[in-house]
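J.: The following feature annotations were taken from TrEMBL:
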COMPBIAS  1-13  compositional bias 'Polar residues'
REGION    1-74  region 'Disordered'
COMPBIAS  14-30  compositional bias 'Low complexity'
COMPBIAS  33-48  compositional bias 'Polar residues'
COMPBIAS  65-74  compositional bias 'Polar residues'
DOMAIN    112-270  domain 'Yip1'
TRANSMEM  123-148  transmembrane segment
TRANSMEM  160-185  transmembrane segment
TRANSMEM  197-218  transmembrane segment
TRANSMEM  224-242  transmembrane segment
TRANSMEM  254-275  transmembrane segment
Amino acid sequence: MMSSNYTAIDSQNVSGSVPAAAGPPGQVAVKFTESNLQTFPPSSSQGKISGASGPPRDADDSFSKPVSGSDEPQQSGWFRAFTIAAYKPYFDVDTSDVLERIKDSLLPFTGSFSEKTADRPDLYGPFWICSTLVFVAASIGTFITYIAHKLQNKEWNYDINLITWSAGLFYGYSTIVPLCLFLVLKYFSAPSGLVQLLCLYGYSLFVFIPALCLSLVPWEIVRWVVAGVAGFMSATFVALNLKHHIASAGERWFFIVAAIFLLQLALALVLRVYLFNVTV
């Protein structure tokens, strides 16, 4: 019954495309084009999706392009001082380097610290030395005043100004004094590296860390001796390491070294009066 409505398909025309089937009048003939489904993926493709594994042609390839030079924008002149990359070399030290430099600061009479750090001065050690001094000074100063008030049965209140005062003293001293000395040496035609001066003064303050710890001793004479010894060691360390360099400034080199020495002693005196002292 159904065979009368459709025309038989010639088996010789099966390969390639499928011919249109003849149907009764009024029906639409459907024709299928040639297909390559036997090959997957196709050898050639149209549009943006291809057989290759690369991104589309109109994709943004800015991330795949090789970057020339470093991964940070290069700056020149004074603009470079405001980039992180300018300070990376001064923090490129390990624990052994810092410990070696701390040991040299506790042996002030050798005077070889500047020679050892001439090629690689660092700011890592000075930063943490100053930070430790701020913490130790505030902690010990608070503890001493607390014990003193309790022993005398007096009311005790925490003084937050001790932290800000300590931070201003140590950070300010280790920054402003080397900067002023840098300008003075440059004026007398004996210039020295600013970072090297910052490194020298930063490590010169390490001796005050154990000195502040010894200020817990309740005897005033011991506190004066500890402050005096620490100040003398710190002043000698700075003066001897700058002596040979400042000698090129002419006849006035002695006065410059003497001023440096006395300034370190003045720092020790300030610490003795304000941090090594107990006020109740």
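Don't overthink the numbers, they just go from 1 along the chain as shown.
Any Cβ shown, glycine's included, is placed from N, Cα and C.
Automatic, uncurated: that is what TrEMBL annotation is.
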J.: Over the domain 'Yip1' (112-270), what does the predicted model average in pLDDT?
T.: 87
J.: Rank 123-148, 197-218, 254-275 by Cβ pairs under 8 Å to the transmembrane segment (224-242) and hand me the top one.
T.: 254-275
